[in-house]
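Q: Look at TrEMBL and you will find Ser52, Glu71, Ala72, Val247 tagged as FAD binding site. Summarising the annotation, TrEMBL assigns substrate binding site to Phe355. Among the features that TrEMBL reports, domain 'Amine oxidase' is placed at 51-461. Sequence annotations record features per position, and here TrEMBL assigns signal peptide to 1-27.
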Amino acid sequence: MHRRRFLQNMGLSLPGLAALTSLSACKVSATDANTSASSEGERVIVVGAGISGLAAARHLAEQGEDVVVLEARNRIGGRIWTSEKWAGVPLDLGASWIHGIDGNPIAALAAKAKARTVVTNPDSSTEYLADGSEVDDARAKAIERWQSKMEDALASYQEGTDKDASVRSVVERALDWSSLSDDDKTLVSFGLNDYEHEYAGSVGQMSALHFDSGADIKGKDVLFTGGYRQITDLLARGLSIRTGHVVEHIDWDSSGVTVGTNKGTFHADHVVVTLPLGVLQSGAVKFGSSLPASKRTAIDKLGMGVLNKCYLRFPKVFWPGTDWMTYVPDVDKYGQWEQWINISRPTRQPVLLGFNAADFGRTIEGWSDTQIVNSAMGTLKTIFGSDIPAPVGYQITRWASDPYAQGSYSFNKINSTPAMRDHLAASVDDRVHFAGEATHRDSYQTVHGAYLSGIRAAKEIAD
């Protein structure tokens, strides 16, 4: 277990810069292909204006290539999405953190953008039990003991077999789940859900062999006080970006590539595909020629996880000043509102952020906003009392229901392997290139992994 775990924080452990400062504003338009791109014949088409697509386009442009970015949404950023709904309170509905600032290219971009960040301290945490009482020393030690047993069980399994199984099945078998008391089941369930918040996949689907195959993260984690869009805006400067262009099919042969959209057809020598894994899995974009079997297998077997957010804005702060608040629900409320972060420090506003991952995070996407807010408030009232004020506003994400994301980020599902990410990343016929967090073997799930994958894909073309 090499990533930050509950024992350290009882919270989430959860991405060519010199020319950027002098570039003009990005050229974003919704121009139809019939009046521009089809006659221009761009040399490279980048599908998607998320961080990997912008990184690829930025590098290609700096190498003198003709590049156009096609983005389905009416905004750039992809799964980086800074909401300006509340005036003066920018909130990241997608990616929030730079995870590990030491040697991180996103930290370098943040410095170039002069973006202010604040450190979130994993040791700054307050924990609560199902009845709302604070976790005392005895219970904290019990949680620590069970977490250590879970880690040991998974480490032993990884060392002892090459036959895959789910994280849940390995843990429950090793801990003799059926013999545990209800209290111990509650603590083990809490530990299992902590894995889900970290990796976004269900522990019933997560590979016990490879769930934690990513690289170690070094350095502190930081949030942007002005939002992650400062990074995507910086990368987008000077680029030709066509928003509202939904890519429907991609074809290629020895003469080049053709990309069909809802607004016409584009032609180029190369295409960089940065579609999220969930979109690739959905089949929403058709590939005219058959993709290699290894790539099709990777698309099918890797998992797409969910981590949803619920921001609640209150008239006043009624919670402690720690960065994190962690809730240990009863087993029958598995995975519900276990992770909270105090956003009042970075925003200077009375705002709390609740997370829901994996199965429960996916389930509540089918609820109304009112149902979600009421559910969140039920947990907060259990902890802080029934007389806490009602929220004056909320912002809720539904990433699995977003047709242009179909999930939050990828995870290693049962019977997938780290090598499949290399297969997903591999170019096809030196025409079709792939990028995105899911294609980065070591830093999948992270913004810096997505960024680096875009640079890698661009170098396949330009270097």
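Numbers run from 1 along the shown chain.
Cβ atoms are placed via backbone N, Cα and C, with glycine included.
Remember, TrEMBL labels are computer predictions, not curated facts.
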Q: Determine the Cβ neighbour count for Glu71 (FAD binding site): the number of other Cβ atoms within 10 Å of its Cβ.
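A: Excluding its own Cβ, the number within 10 Å is 27.
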Q: Sort out the sequence-distant neighbours of Ser52 (FAD binding site) for me: same chain, 6+ apart, CB within less than 8 Å of its CB, listed by position.
A: Thr274, Ala435, Gly436, Glu437, Thr439, Ala450, Tyr451, Ser453, Gly454, Ala457
Q: In the same chain, which residues outside the set Ser52, Glu71, Ala72, Val247 have their CB within 8 A of the centroid of the CB atoms that define the FAD site?
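A: Leaving out the recorded residues gives Val46, Val47, Gly48, Ala49, Gly50, Gly53, Val69, Leu70, Arg73, Gly78, His245, Thr274, Leu275, Tyr404.
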Q: Tell me the Cα distance separating Ala72 (FAD binding site) from Phe355 (substrate binding site), rounded to the nearest angstrom.
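A: Between the alpha carbons of Phe355 (substrate binding site) and Ala72 (FAD binding site) there are 27 Å.
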Q: State the count of C-beta atoms found within 10 angstroms of the C-beta of Ala72 (FAD binding site), not counting that atom itself.
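A: For Ala72 (FAD binding site), the 10 Å Cβ neighbour count is 23.
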Q: In whole Å, could you give the widest CA to CA gap in the FAD site formed by Ser52, Glu71, Ala72, Val247?
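A: Across Ser52, Glu71, Ala72, Val247, the widest Cα separation comes out at 17 Å.
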Q: Relative to the Cβ position of Phe355 (substrate binding site), how many further Cβ atoms are located within 10 Å?
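A: A 10 Å sphere around the Cβ of Phe355 (substrate binding site) contains 20 other Cβ atoms.
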Q: Three states by DSSP: which one describes Glu71 (FAD binding site)?
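A: Looking at the DSSP assignment, Glu71 (FAD binding site) belongs to neither helix nor strand, so coil.
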Q: Looking only at the domain 'Amine oxidase' (51-461), what is the model's average confidence as pLDDT?
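A: Value for the domain 'Amine oxidase' (51-461), mean pLDDT as a whole number: 97.
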Q: When a 10 Å sphere is centred on the Cβ of Val247 (FAD binding site), how many other Cβ atoms does it contain?
A: 24
